Amino acid sequence: MAAPLEAQDQAPGEGEGLLIVKVEDSSWEQESAQHEDGRDSEACRQRFRQFCYGDVHGPHEAFSQLWELCCRWLRPELRTKEQILELLVLEQFLTVLPGEIQGWVREQHPGSGEEAVALVEDLQKQPVKAWRQDVPSEEAEPEAAGRGSQATGPPPTVGARRRPSVPQEQHSHSAQPPALLKEGRPGETTDTCFVSGVHGPVALGDIPFYFSREEWGTLDPAQRDLFWDIKRENSRNTTLGFGLKGQSEKSLLQEMVPVVPGQTGSDVTVSWSPEEAEAWESENRPRAALGPVVGARRGRPPTRRRQFRDLAAEKPHSCGQCGKRFRWGSDLARHQRTHTGEKPHKCPECDKSFRSSSDLVRHQGVHTGEKPFSCSECGKSFSRSAYLADHQRIHTGEKPFGCSDCGKSFSLRSYLLDHRRVHTGERPFGCGECDKSFKQRAHLIAHQSLHAKMAQPVG
């Protein structure tokens, strides 16, 4: 009986040993699975961010694919709302970091917002040269020194990285080198396409090629605009951390015909900071005549319309009477009529005059009876949208105008102005008969009716 008991006593130990091995094995498998999931999640994030509408057929398929990619990235079936929010905030946090800090932090692959913040704080404590300057290898330095002419453009940023020399095999098939040079860290993989008139692959991440002032002058305005559109769009996508894979972006780059004369495959390219790119763009981009241009998407270079709006923000037109400034001469002319009393716009129905044509148009609604603004709740119509907005507060109960003295709220601004006279004691409506004053016009009218009755003969 003792032997079986000893066997029973030893059995749990052996079982525990087996269990320990299984637990460790399971833990290793979980870590491996998490690593694979992390890589798959990052790939889905990049595919989600660079998804192109033109890659699918129709809006339904586009929305479905975006939904699937987003779910694969964020994994809502596994993560809580807080974890999903942290992923989104972490991505945006990395996006808004300065370029050099952003690149270094992305290389560390932070898994949480706290980790990313800690990396940035640690980086800021280090000497600037320790992380901003990328020291080339001993073999690459003399090779770079023996290359041809330097790239034309703004000076390189501190820590600008040089792409290693293009292997000779890439040039063996043709005497003409690629017009665009690769730029970035060694070992990066970038999508390539073929540019019209250029032999050999050209990386879509290689838009920072450069023009001298003479070469820039040979480009027509359309080519210059296309250059800046592609360059800025590529810069935005590079900042977000993914390449350009959409066919629409590839076809856009293929339209970039001009190749820099005299530029060879041995030219050295350097990266720009956003500030230097903006400065060089402002110097080299011509002050062309401002025409109608479609509004730009976020992240695209400023359009002529935006430039025109920026120039107008200076408000060069000043009123000689009160000193008020205006962006446009027409606004100044309209304003000056408040000083002169001029009313050039006359109503053909009643000969009433108005300072602006818009006031005349609103007045003519009185004669036509037109009331184009209808309330969806009760069907009541109004001649002005402002009247409709005031009326709709009856249904919603909204009272947006509050008194700063007592906190009472009102649905109309005029009601608030009448109420404030209770606090200020103002009585702007005076009677011409007895010099009595009133806070509201209605009270004055009621008072004047008393004078009218008293003036009537008693009969």
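Every residue gets a Cβ built from N, Cα and C, even glycine.
According to Swiss-Prot, the features are:
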- 45-126: domain 'SCAN box' (DOMAIN)
- 128-188: region 'Disordered' (REGION)
- 202-292: domain 'KRAB' (DOMAIN)
- 317-339: zinc finger (ZN_FING)
- 345-367: zinc finger (ZN_FING)
- 373-395: zinc finger (ZN_FING)
- 401-423: zinc finger (ZN_FING)
- 429-451: zinc finger (ZN_FING)
Positions on the same chain near the zinc finger (317-339), where near means CB under 8 A and six or more residues out: 355-356
DSSP residue counts for the zinc finger (401-423), split into helix, strand and coil: 11 helix, 4 strand, 8 coil
Confidence summary for the zinc finger (401-423), mean pLDDT rounded: 88
Long-range Cβ neighbours of the zinc finger (345-367) (under 8 Å; 6 or more residues past either end): 334, 337-338, 383-384
Secondary structure content of the domain 'SCAN box' (45-126), with strand meaning DSSP E or B: 63 helix, 0 strand, 19 coil
The zinc finger (429-451), counted residue by residue under DSSP: helix, strand, coil: 11 helix, 4 strand, 8 coil
